[in-house]
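Quick look at what Swiss-Prot annotates:
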{"type": "BINDING", "residues": "Gln19, His122, Asn166", "note": "substrate binding site"}
{"type": "BINDING", "residues": "His39, Asp52", "note": "Zn(2+) binding site"}
{"type": "ACT_SITE", "residues": "Glu167", "note": "active site, nucleophile"}
{"type": "ACT_SITE", "residues": "Glu374", "note": "active site, proton donor"}
{"type": "CARBOHYD", "residues": "Asn397", "note": "N-linked glycosylation site"}
Amino acid sequence: MDYKFPKDFMFGTSTASYQIEGGWNEDGKGENIWDRLVHTSPEVIKDGTNGDIACDSYHKYKEDVAIIKDLNLKFYRFSISWARIAPSGVMNSLEPKGIAYYNNLINELIKNDIIPLVTMYHWDLPQYLQDLGGWVNPIMSDYFKEYARVLFTYFGDRVKWWITFNEPIAVCKGYSIKAYAPNLNLKTTGHYLAGHTQLIAHGKAYRLYEEMFKPTQNGKISISISGVFFMPKNAESDDDIETAERANQFERGWFGHPVYKGDYPPIMKKWVDQKSKEEGLPWSKLPKFTKDEIKLLKGTADFYALNHYSSRLVTFGSDPNPNFNPDASYVTSVDEAWLKPNETPYIIPVPEGLRKLLIWLKNEYGNPQLLITENGYGDDGQLDDFEKISYLKNYLNATLQAMYEDKCNVIGYTVWSLLDNFEWFYGYSIHFGLVKIDFNDPQRTRTKRESYTYFKNVVSTGKP
């Protein structure tokens, strides 16, 4: 196989505001749900750390842009901190210094011929809005719409690529299994309500842009949908094949189906309705869209934005320790062949899973333009990060195979991440960066890893 990425293929890298910026209470920034969580419950973070300073990108953004420029990347995906723009999250009180920070970052990128790709929401809800109920409160979709309006107004003349939500399924986990902020345990219904509100919010932001801003700004909008890819444990078993399809619909059809087809996947509605009845509930745990909401949502992705890291095998059953959603009735496992002896890495590399996922998405949604908005490997932080290089090489080759052999319409690839950063409940114990950050140094010194050199070469040659 000697495939090569086309000349117009978009290579980029990705970060998120809470994970890299620091400056948690500087220049009028308000408190968000991660600030509140790490300050009141530091024990939930593996190493007891927080994102108060993180990579200090609030002060060192020019250094970050210089690194991106050196990599010759086409774009940089970063997220905006809602509470930096509007401290309470309500748009009647904006913070000019927060707006200035993002204007400076965007202008610095453009000055260096780097396209800004902006994520509006990467998990850091202003605490005041959480006090109102957060994403389980339907009113949040209107707050988000007004937040989006401000972003389009202030930045849309230069930003032409937007992501409304990063991995909405992860936000849902924060309401049901205490895996992310706000760290709530609203089992059975919390995650479905949070997902529903995010979808409506996405639809409202998309339609607002379409009607008010797209005619002059001419940008694109999507939503980054994540998840492992599920494959049948026994490829000969009809039960396992059916279970894998159901698991994939619960994992990513949950958000992809409404955005492309207007409603939740039929199999998801059927199973949640049935489980709700079995639990003696008077209605389904999965909210229903109105006809107007179906119309609002259908066709609200200008490209498919995919975050993907790993895959799992599934078989039918009730998992005694369900990772997240017991309503889907599947048990996950890994193929021993995926692992090295005596090793269970944080990310289990299954590159063929990405290829199969790209084919699945092509068949499911009519082969849309697809941008991989996150893919990467976390390790112990060594500079000679050859495991990360191996992971990237294999996943890039799987992407090429999907493009050339399966005719999947992949337009770009984003490596997670540019920098080591605050990896949520793992703190600083896992390192995804092409660039190492010394978190013990007040200067947060940046040092390029072997994977940096590797990825720079891929970008320049088009070959993994």
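Backbone N, Cα and C atoms are what each Cβ position is placed from, and that goes for glycine too.
Features as recorded by Swiss-Prot, highlighted on the structure.
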residue : record                      : DSSP class
Gln19   : substrate binding site      : helix
His39   : Zn(2+) binding site         : helix
Asp52   : Zn(2+) binding site         : coil
His122  : substrate binding site      : coil
Asn166  : substrate binding site      : strand
Glu374  : active site, proton donor   : strand
Asn397  : N-linked glycosylation site : helix
Between Asn166 (substrate binding site) and Asp52 (Zn(2+) binding site): CA-CA distance (Å): 21
Listed in sequence order, residues not in Gln19, His122, Asn166 with Cβ within 8 Å of the centre of the substrate site Cβ atoms: Thr15, Ala16, Ser17, Tyr18, Ser79, Thr119, Trp123, Asp124
Distance, Gln19 (substrate binding site) to the residue listed as 'active site, nucleophile' (CA atoms, angstrom): 15
Set of same-chain residues at least 6 away whose C-beta sits under 8 angstroms from Asn397 (N-linked glycosylation site): Met1, Tyr3, Pro351, Pro464
Of the recorded positions listed as Gln19, His122, Glu374, the one whose CA lies nearest the CA of His39 (Zn(2+) binding site): Gln19
Cα separation, Glu374 (active site, proton donor) to Gln19 (substrate binding site) (Å, whole number): 15
Neighbour tally for Asn166 (substrate binding site), based on other Cβ positions within 10 Å of its Cβ: 24
Recorded positions compared (Asp52, Glu167, Glu374) - the one with the fewest other Cβ atoms within 10 Å: Asp52
In the chain carrying His122 (substrate binding site), residues 6 or more apart in sequence that have Cβ under 8 angstroms from it: Ala16, Ser17, Tyr18, Gln19, Ser79, Asn166
Neighbour tally for Gln19 (substrate binding site), based on other Cβ positions within 10 Å of its Cβ: 24
